[in-house]
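Worksheet: the structure to be examined is printed underneath.
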Amino acid sequence: MKTVVFAYHDMGCLGIEALLSAGYEISAIFTHTDNPGEKAFYGSVARLAAERGIPVYAPDNVNHPLWMERIAQLSPEVIFSFYYRHLICDEILQLAPRGAFNLHGSLLPKYRGRAPLNWVLVNGETETGVTLHRMVKRADAGAIVAQLRVAIAPDDIAITLHHKLCHAARQLLEQTLPAIKHGNILEIAQRENEATCFGRRTPDDSFLEWHKPASVLHNMVRAVADPWPGAFSYVGNQKFTVWSSRVHPHASKAQPGSVISVAPLLIACGDGALEIVTGQAGDGITMQGSQLAQTLGLVQGSRLNSQPACAARRRTRVLILGVNGFIGNHLTERLLREDHYEVYGLDIGSDAISRFMNHPHFHFVEGDISIHSEWIEYHVKKCDVVLPLVAIATPIEYTRNPLRVFELDFEENLRIIRYCVKYRKRIIFPSTSEVYGMCSDKYFDEDHSNLIVGPVNKPRWIYSVSKQLLDRVIWAYGEKEGLQFTLFRPFNWMGPRLDNLNAARIGSSRAITQLILNLVEGSPIKLIDGGKQKRCFTDIRDGIEALYRIIENAGNRCDGEIINIGNPENEASIEELGEMLLASFEKHPLRHYFPPFAGFRVVESSSYYGKGYQDVEHRKPSIRNARRCLNWEPKIDMQETIDETLDFFLRTVDLTDKPS
């Protein structure tokens, strides 16, 4: 049976050997070039392929049409992936009539995603395994063909568990590959309600946070022990690595991070104490704990820290342009909740952020981004992270004021992007779900979905196209000039402080605010073209938590990424949104202050938005990038969001002259 193989690492080598032993004909192997910054303790797929006389390739993007065409010419009957690090597009998977199969290092549906070997140790699991599953468009989500369980011993570290998993994988493939070859397999669908997903780990993720329990820190040490980069901490600005450790149930009143003793080297934790058995100072040699203490100049009572002392003293400076807006004010609240951010903001108003004005780490200037260019350039240069959130983002304005939309949303933001390039500052740019336009995919995918808009004589697309072009400009600056960026695409975020009722009175607001105004004033709820258009509504708290994690950027996982932030489970039509809102309104304690419900009224989009409007029937996000990069899932049910949004707006209404 002819196959094309995607493989890397030891698992890739043993997968290839297993295929050859089972009588498969391997037409080509796709692998990766080795990362010079990664310790290569594993077998070389490229070398094995060369020794076996099999063509081998390592393209930067195997999903490029040219590579897709070359793979199609190979006419594979079946495709296998063994620890290949890039997602393979559905078009390639469909080339094999017998399907595509992937070997994953966990007991799916648990631990989907990257680095499951390390994550199970970090989380203190006592069992893991290997899974062979059918490949589908969503990573690690296809039906399970075979699994083999592997026990995790208390003394297992990453390398010993790796060897166990390789042994199990070899057994699994020996048992299963002949069955696939003869079409004699039983597939079991994964239970989505049991799925967990974890993102890529980097060396920077392995710092030891001493306020955590000793058992948690010991698991971290196990998870990244040599040949992985190791768990680390600091004495002042001196970094050191912990290669092995033991947990002590030591009852101590010492502050977490304090040295309890130096022989053995025992560190107080949030619960218990951690003995550093072996470690390494800087780029030095490995030594026992007591010698490490001497090398680092530690004595009883010394304090360790999770980051360099110089870094601990300086807060990250975040510049938010449009800080008074819906996202801006909620994000400010989230950042100021932590003690390591300094927020600088600019906006033309301050009503939503008045609650922060006396905060010592919040700095606000009232102004217009089209006028205060010198202030903006200075603060881009001064700050570490830039979020240009200023935009006209209400549909009626796209047809009412298309040139103003272009001038503000595109031209003013392009200038800010160029400042970030000039001063080499990280930009987190708000793209939009609107860029997908009339895409027909079931789930809108950041990396694969086409961006489809209407003709030029439909000005409603000027916002979508302005944002899309900025996305492309930012991407190009990242590729060609090293701009550090992340693009995030909100999908119908809603919650308190979304627009205001005055904006709704002139039609310049989002859907839920307009519907609330209709209820408050006793006017009919207008359903544009029947209100059958479906959207996925996302609670602002879920959205802001994802955005906060992008700013945190653990392990730089968000660099160069496009991330949808939405809740695919909260899909509803505008009509259904109106009905849910009405039900919440009718049982609200302030209901008696407002007029009777005036009913629903169907109106044509052209009469409401004006000439040149087109709508989109559905807009559902794929959130695999958010899961992978942020370890994020939306949690808040749509009804809860509706109730809280309605309550906020009803309590902003002056009730003094309303009937009781």
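Just so it is clear, glycine is given a Cβ too, placed from its N, Cα and C backbone atoms.
According to Swiss-Prot, the protein carries these features:
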type     : residues                                                            : note
ACT_SITE : His104                                                              : active site, proton donor
ACT_SITE : Glu434                                                              : active site, proton acceptor
ACT_SITE : Arg619                                                              : active site, proton donor
BINDING  : His86, Leu87, Ile88, Arg114, Val136, Lys137, Arg138, Ala139, Asp140 : (6R)-10-formyltetrahydrofolate binding site
BINDING  : Asp347, Asp368, Ile369                                              : NAD(+) binding site
BINDING  : Ala393, Tyr398, 432-433, Arg460, Asn492, 526-535, Tyr613            : UDP-alpha-D-glucuronate binding site
REGION   : 1-304                                                               : region 'Formyltransferase ArnAFT'
REGION   : 314-660                                                             : region 'Dehydrogenase ArnADH'
SITE     : Asn102                                                              : site 'Transition state stabilizer'
SITE     : Asp140                                                              : site 'Raises pKa of active site His'
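Looking only at Cα atoms, Lys532 (UDP-alpha-D-glucuronate binding site) sits nearest to Arg619 among the recorded positions Ile88, Asn102, Val136, Arg138, Arg619. Among the residues His86, Leu87, Ile88, Arg114, Val136, Lys137, Arg138, Ala139, Asp140 said to bind (6R)-10-formyltetrahydrofolate, no two Cα atoms are farther apart than 16 Å. A gap of 35 Å separates the Cα atoms of Asp347 (NAD(+) binding site) and Asp529 (UDP-alpha-D-glucuronate binding site). Looking at the region 'Dehydrogenase ArnADH' (314-660) alone, the prediction's average pLDDT is 91.
Non-local contacts of His86 ((6R)-10-formyltetrahydrofolate binding site) by the CB criterion (under 8 A, 6+ apart in sequence, same chain) comprise His32, Asn61, Val62, Asn63.
The NAD(+) site, placed at the center of the C-beta atoms of Asp347, Asp368, Ile369, has further neighbours from the same chain whose C-beta lies within 8 angstroms: Leu321, Gly322, Leu346, Ile348, Gly367, Ser370, Ile371, His372, Val390.
Geometry remark: Ala393 (UDP-alpha-D-glucuronate binding site) versus the residue listed as 'active site, proton acceptor', CA distance 10 Å.
Distances between the Cα of the residue listed as 'active site, proton acceptor' and those of the binding-site residues Arg138, Asp140, Asp368, Ile369, Asp529 are shortest for Asp529. Of all the recorded positions in the record (Ile88, His104, Arg138, Asp140), the one with the smallest CA separation from Ser433 (UDP-alpha-D-glucuronate binding site) is Arg138. Residues Asp347, Asp368, Ile369 are the ones the record ties to NAD(+), and the longest Cα gap between any two of them is 8 Å.
Asn102 (site 'Transition state stabilizer') sits 8 Å from Asp140 ((6R)-10-formyltetrahydrofolate binding site), taking the CA atoms of both as reference points. Ranked by CA distance from Arg535 (UDP-alpha-D-glucuronate binding site), the binding-site residues Ile88, Asp368, Ile369 have Ile88 at the top as the closest.
Neighbour count (other Cβ atoms within 10 Å of the Cβ, all protein chains): 25 for Ser433 (UDP-alpha-D-glucuronate binding site).
In the three-state DSSP assignment, the secondary structure recorded for Arg138 ((6R)-10-formyltetrahydrofolate binding site) is coil.
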